[in-house]
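Participant: Mind having a look at this structure? Questions to follow.
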């Protein structure tokens with residue numbers, strides 16, 4: 001892409017913008033494109049197939065130039081990765097408002113999106129790529145860890161501490177990019193063995209370098225031997241295998257390899273980002289661009305073969321789930337009629353957490369100093385002394401997770417918890433315990449910020465899977481509450497036409513104004529999750545609303 005260059009975020013406490021409220025989005029935009037963070041930084045692609053941080057390098061330069069001069073009573077407007085205006089607002093307003101990839105429903109198809117993208121009119125923002133709060137593979141790691149912990153409660157048995165474990169089980173998955181790369185470490189943190197398949201050897205090498213993957217096998221026979229030995233010894237191990245999942249999954253099924261858990265996190269949401277059988281890795285992007293319709297058909301046929309094998313494992317007694325990449329629907333379109341025989345991960349494991357407003361709470365140290373994250377880790381443990389799962393996660397993350405770009409951390413916190421962490425971080429900045437401000441955000445995958453019938457809102461109790469008012473309300477609420485930047489995206493995770501979602505990021509800069517904003521944003525944002533699930537009829541959400549004082553008019557008499 002014209003204008004490509006290496007980008008890294010500034011570190012330290014010296015401002016390059018006019019305040020931390022504008023320095024923060026500037027640094028996080030740059031961090032998204034750090035070579036240690038982004039999948040294809042020269043193309044502005046951060047993760048998730050083609051999820052970009054900016055539409056093109058000229059737009060990137062325009063965003064950077066504007067953020068360095070933006071005042072604290074001004075708001076930058078970003079339309080699908082392109083800076084389109086600056087308006088005078090007020091100090092409580094967001095400094096940046098972002099809308100990415102949004103299309104009128106009848107036009108919300110991949111072919112139409114690609115036509116508009118080719119004209120330079122839009123870009124695919126994924127979830128945290130175009131909203132500038134991607135923190136590398138760690139960003140999805142705890143959610144993946146929690147998912148496999150829930151799987152362990154179904155298929156595993158308690159370890160010495162009485163906690164369900166995946167020890168003695170083998171998980172098969174595919175896709176080891178920015179999102180899928182969390183899977184091998186999440187499985188091993190839960191005590192299990194993981195075999196992860198990816199067509200790109202460089203992705204596997206990168207996950208080994210960042211300690212998300214233990215080792216790479218020399219071939220299928222070697223991979224199976226390593227995994228079966230570790231499973232027999234009840235030893236945690238993750239093994240990468242270079243191969244195409246559409247070939248490997250059916251072959252493992254044919255061999256009768258005893259696999260306990262099966263999922264997938266390839267970029268199936270975009271058929272052009274899934275390599276079909278018979279296409280060489282080096283020919284991938286050229287073939288996809290030359291004949292996109294033919295490539296899409298071939299990719300879907302390959303997905304159909306992979307999903308058919310997944311259903312074969314299901315029939316053989318394995319725990320099988322869709323990890324939110326639309327592979328079931330793509331396989332259905334590829335001609336496989338049992339594609340929905342297994343559930344998505346949210347209804348299977350995560351929805352009880354969403355009913356409590358619990359979801360991915362992440363923060364990054366703008367200083368670039370890992371000591372600041374270590375200090376915030378201690379603060380979180382101090383704030384929530386009775387949360388054993390949280391303590392186990394924070395300790396494991398501190399020991400096992402390598403930082404990518406600016407040091408960062410993620411943990412799942414719920415309604416009534418997130419604002420406590422935000423306020424504590426702000427106090428630590430004010431006192432000098434932290435050497436620079438902290439940015440606090442989340443994935444768009446959260447309790448009340450997504451409409452995605454194949455993922456976050458699949459199988460809602462009241463049938464409201466496709467109701468998209470909720471993420472729009474979420475963005476409006478965060479804008480009204482004082483978030484530093486707010487985003488509304490379309491198509492993240494599951495692909496164009498299948499989701500609407502919103503995000504927020506807030507800055508803890510140590511000021512009283514920041515404290516007031518943080519208390520509102522970090523209360524109201526997860527509060528939307530409780531409200532959404534109360535409205536859908538979830539009893540646990542009703543209990544949380546009553547216990548924690550969330551007002552729901554239709555529940556008031």
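A Cβ is built for glycine as well, from the same backbone N, Cα and C atoms used for every other residue.
Residues or ranges marked as NAD(+) binding site in Swiss-Prot: 48-49, 126, 178-180, 198, 203, 244-245, 265-269, 274-275, 323, 493. Residues annotated as active site in Swiss-Prot: 411.
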Participant: Test of understanding: give the count of other CB atoms lying within 10 angstroms of the CB of residue 274 (NAD(+) binding site).
Facilitator: 30
Participant: When DSSP states are folded down to helix, strand and coil, where does residue 198 (NAD(+) binding site) land?
Facilitator: strand
Participant: Do you know offhand how many angstrom separate residue 493 (NAD(+) binding site) and residue 411 (active site) by C-alpha?
Facilitator: 20
Participant: Rank the recorded positions 245, 411 by the number of other Cβ atoms within 10 Å of each Cβ, and give the residue at the low end.
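Facilitator: If we count Cβ atoms within 10 Å for the recorded positions 245, 411, the smallest count is at 411.
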Participant: Give me the long-range Cβ neighbours of residue 178 (NAD(+) binding site): same chain, 6+ apart, Cβ under 8 Å, in sequence order.
Facilitator: 39, 46, 47, 48, 134, 136, 137
Participant: Find the shortest Cα-Cα separation between the residue listed as 'active site' and the binding-site residues 198, 267, 274, and name the residue that gives it.
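Facilitator: Considering only the listed binding-site residues, the nearest one is 267.
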Participant: Please list residues from the chain of residue 198 (NAD(+) binding site) whose Cβ is under 8 angstroms from its Cβ, counting only those at least six apart in sequence.
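Facilitator: Listed in sequence order: 174, 175, 176, 177, 180, 204, 240, 241, 242, 243.
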Participant: When a 10 Å sphere is centred on the Cβ of residue 267 (NAD(+) binding site), how many other Cβ atoms does it contain?
Facilitator: 26
Participant: How many neighbouring Cβ atoms, not counting its own, are there within 10 Å of the Cβ of residue 48 (NAD(+) binding site)?
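Facilitator: Taking every protein chain into account, the count is 27.
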